[in-house]
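For reference, TrEMBL has these:
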{"type": "ACT_SITE", "residues": "90", "note": "active site, proton acceptor"}
{"type": "ACT_SITE", "residues": "331", "note": "active site, S-methylcysteine intermediate"}
{"type": "BINDING", "residues": "110, 114, 117", "note": "[4Fe-4S] cluster binding site"}
{"type": "BINDING", "residues": "157, 158, 189, 212, 213, 214, 288", "note": "S-adenosyl-L-methionine binding site"}
{"type": "DOMAIN", "residues": "96-326", "note": "domain 'Radical SAM core'"}
Ligand code: SAH
């Protein structure tokens, strides 16, 4: 069986033709699905024979809701979803004044091995397909009854390690017949898979690229991010310059501040030097402490000091508000807890 959410309109047009159906049926089916009718029997403008054909070939891959966690302090909700093969992923919905955002996962687990991140602890299980990533948005909207207007690819997984599916996902959610989410409302976060940043730049999508830099030198970066052994910061910054030239988009650099690792005044100065004259913004994130790791967040005043140095040296930056930390909203923590509980029960 094939997940119909993996099909864009063109794919479904072709399928209809190959199966002796009129092409316009494809648009009808897609309209039902994106209007959240997830039962072929309820697609009342299709002949019964077409519905039967669809049913014998496709399933509509909406995941099962395992758990929903609501944060008490802010408008953050976390969802644990299970796909047909039993894979569990998490996604987070955040309500802001300017709209509702969702943080989606692109892989089950992750193979990048960042020391501060819970998603990577068990390695990668598999890639998610485009339709499986879309399903996170559809399912969340159907539960909250709120339209998602912003998407961040910052859940479990490395989107550029699942490149084809991620690009197809970005394409479908942008379409009128899909979720009609403008590319400028989408942020793709990567630990810096350099060749893929060049490929992405060549597509000239208007999405925001966020780079998980988290360090001011290669040596410092290697302490927490294995990918630093493969690509240097210089190579990443070169690829970012190419991205900016191609797309004219400002890049976001994420910098999770970890006590005694990357939070010194020296690090702040080095970071400012690296990013000098680049069209960018730095997002400072007090590291979210993960049970399995001993990395600690710096004291508030040190975070502020770090931010001030960047500002003084002309680097745009903000300290990220910690949303939903009472519900383990940090990457992968929820899935991790869930898997741990299952293991304990077995
Ligand atoms: N693989 C992608 C996207 C997923 S992670 C990437 O590396 O960018 C989304 C962001 O959360 C990344 O910047 C990641 O480094 C950061 N992150 C992961 N665990 C964290 C933690 N415990 N505290 C703070 N930030 C964390």
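Every residue, even glycine, has its Cβ placed from backbone N, Cα and C.
Nobody curates TrEMBL annotations by hand; they come from automatic prediction.
Predicted, not measured: the structure shown is a model, and the values here were computed from it.
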Exercise. Quick one: which of the recorded positions (90, 189, 213) have their CB closer than 6 Å to ligand 1?
Worked result: 189
For this session: Out of 189, 212, 288, give me whichever of these binding-site residues has the highest number of other Cβ atoms within 10 Å.
Result: 212
Problem set entry | residue 114 ([4Fe-4S] cluster binding site) and residue 157 (S-adenosyl-L-methionine binding site), Cα-Cα, nearest whole angstrom | 11
For this session: Between the Cα atoms of residue 110 ([4Fe-4S] cluster binding site) and residue 213 (S-adenosyl-L-methionine binding site), find the distance and write it as a whole number of Å.
Result: 17
For this session: Please report the number of other Cβ atoms within 10 Å of the Cβ of residue 110 ([4Fe-4S] cluster binding site).
Result: 27
Seminar exercise, completed: Between the binding-site residues 114, 117, 213, the one whose Cβ has the fewest other Cβ atoms within 10 Å is 114
Exercise. What subset of the recorded positions 90, 158, 189, 288 lies within 10 angstroms of residue 117 ([4Fe-4S] cluster binding site), using C-alpha positions?
Worked result: 288
